[in-house]
Amino acid sequence: MAAASAAQLAVNGGVKMANNSQAYLEGDKVKQTKSLIAELCRHFYNQGWVSGTGGSITIKVHDDSVPKSQQLIVMSPSGVQKERMVEEDMYILSSDGSILSAPLAKPTPHKPPKCSDCAPLFMKAYQLRNAGAVIHSHGMESCLVTMLNPLAKEFRITHMEMIKGIQGHGYYDELVVPIIENTAYENELTESLAEAIKAYPKTTAVLVRNHGIYVWGDSWISAKTQSECYHYLFDAAIKLHQLGLDWTTPSHGPIQNAKISALAPNGSIKPSRQCIVLDIEGTTTPISFVTDVLFPYARNNVGRHLDATYDSAETQQDIKLLRAQVQQDLENGVAGAVCIPSDDAGKMEVIAALVANVEAMIKADRKITALKELQGHIWQTGFQNSELEGLVFDDVPAALEKWTASGIKVYIYSSGSRLAQRLLFGHTKHGDLRKHLCGFFDTTVGNKRETKSYTEITASLGVDNPSEILFVTDVYQEATAAKAAGLEVIISIRPGNGPLSDNHGFRTIRSFSEI
């Protein structure tokens, strides 16, 4: 009988059966997690994050014998004094969110126990990000920072040391946190939070306007560390705002409240240019660098990269995106799409199918997120190993320096991933040019030939009028789409660029010194 039970636990799903047993629920690993949450809630109370019974925290029960996706979830209850919580107050949930154990009611005046109203939102972070812990804070900083610009859909900050504490970010990077609108009841935020998580694959947090923030990490340590860094950065942004300084720019210079105006040719008042958005290929960088250097490097190294990093969370996420894209391609009959076998087929078979699909995607020059994310990670290795060096036209560095010194914010919008953009400008013979750049846009905001993409960028930059943004590109269709959104547009004429029709109707330049 004992042998049969052991065999049963060894089959697929057996581990999950075991960690749902009463003995496991009352075991040391669950007790330690409960105790940890009680301790952290007292700490967060002292930070001002969970006062007035607000806020919450949830942690997966770490157990190396249980796959992370099947680990139990311990969650603090709703409507209780967080600084007085004890182990017995916690809820235990299965990996699918079902309640396995609930606390007993306490005598009056305590309220009956209730599972956290945040539970559905926590589950989205677990399911969509494979998180190990999630923290929901009502910290004042996370609330006020969403009010600095009531229309903003994102919080942005750059060139602050504490950005390095956020997963996947460095000092020169721009940290972007999506903002969703608050609702009367917490569980009504579930879908909008899920949409934000999907729309921002690099984010580890979502702000809720006039409410607070949700932060997740691979472990409770990661979630706690990032929460502290987020609150620090929010507080810094608020203080910089009070000082009249712009936290979204590398220089953190004065906020340009006064609009410098000039007369347009017809004598009307023309608003000053506040932002410049640059394309990369054919604008800052020769097209040949992308086609003859970057693309071949990615194509030639995709197999090596996947083999070396196959088990990493980053590569597994890339594979997940590629699987979804290939499945869609197969359904739509896209040429070159090859079915990717399940993980059971073995690592080498999966990699071979991935390589075939990636080669076909690169050959077709497809502008899709799944491909761009993987290419960015391959190029990252190349830049780190000094096998690649970013290339820009010689007039670019001086122009970037001149524009930023005059208070103009400069952004990049390219079909390449944000990571690839940062790598290119961070590793040039002119040094690291990211200090002159305020942010990076990629195809997650939309296709570059669609007007709505530039409308989205305009909303993100927070200008009063889209005409305050100059967009520079070498592609006529992109120029047309940006102009339809109200942006000022210039077409870049560079060696190797495609021909323009004689009646294109746009101003052209051959060097950034002309701007």
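Placement of Cβ uses the backbone N, Cα and C atoms for every residue, glycine included.
Feature annotations, courtesy of TrEMBL:
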type	residues	note
ACT_SITE	E161	active site, proton donor/acceptor
BINDING	C118	substrate 1 binding site
BINDING	H136, H138, H211	Zn(2+) binding site
BINDING	D279, E281, D474	Mg(2+) binding site
BINDING	S414, S415, K448	substrate 2 binding site
DOMAIN	35-238	domain 'Class II aldolase/adducin N-terminal'
REGION	1-246	region 'Methylthioribulose-1-phosphate dehydratase'
REGION	276-515	region 'Enolase-phosphatase E1'
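The binding-site residues recorded for this entry are D279, E281, K448, and the Cα of K448 lies nearest to that of H211 (Zn(2+) binding site). Comparing Cβ neighbour counts within 10 Å across the recorded positions E161, D279, E281, D474, the minimum falls on E161.
In sequence order, G54, G55, S137, G139, S142, C143, V208, G212, I213, Y214 are the same-chain residues whose CB sits within 8 A of the CB centroid of H136, H138, H211, the residues recorded for Zn(2+) being left out.
Here H136 (Zn(2+) binding site) is positioned 45 angstrom away from D474 (Mg(2+) binding site), judged by their C-alpha atoms. Remark: K448 (substrate 2 binding site) has D279, K367, Y413, S415, T473, V475, E478, A481 as non-local neighbours, by Cβ distance under 8 Å and separation of at least 6 in sequence. Considering only the binding-site residues H136, H138, E281, S414, the residue whose Cα is spatially closest to the Cα of C118 (substrate 1 binding site) is H136. Same-chain residues with CB within 8 A of the center of the S414, S415, K448 CB atoms, the substrate 2 site residues themselves not counted, are D279, I280, E281, K367, Y413, G416, D442, T443, E478. Averaged over the region 'Methylthioribulose-1-phosphate dehydratase' (1-246), the predicted model reaches a pLDDT of 89. Excluding D279, E281, D474 themselves, the residues of that chain whose CB lies within 8 A of the CB mean position for the Mg(2+) site are, in sequence, I280, G282, T283, T284, T285, I287, S414, T473, V475, E478, S492, N497. The subset of recorded positions (H136, H138, E161, E281) lying with their Cα within 10 Å of the Cα of S414 (substrate 2 binding site) consists of E281, given in sequence order. Sequence-distant contacts (6 or more apart, same chain, Cβ under 8 Å) of H136 (Zn(2+) binding site) comprise G55, S56, I57, C118, L121, F122, G212, I213, Y214, V215. In the shown protein chains, 20 other C-beta atoms lie within 10 A of the C-beta of H211 (Zn(2+) binding site). For H138 (Zn(2+) binding site), applying a Cβ distance below 8 Å and a minimum sequence separation of six or more within one chain yields W49, V50, S51, G52, G54, G55, H211, G212. Taking each Cβ in turn and tallying the other Cβ atoms within 10 Å, the top scorer among the binding-site residues S414, S415 is S414.
For the pair E281 (Mg(2+) binding site) and E161 (active site, proton donor/acceptor), the Cα-Cα distance reads 31 Å.
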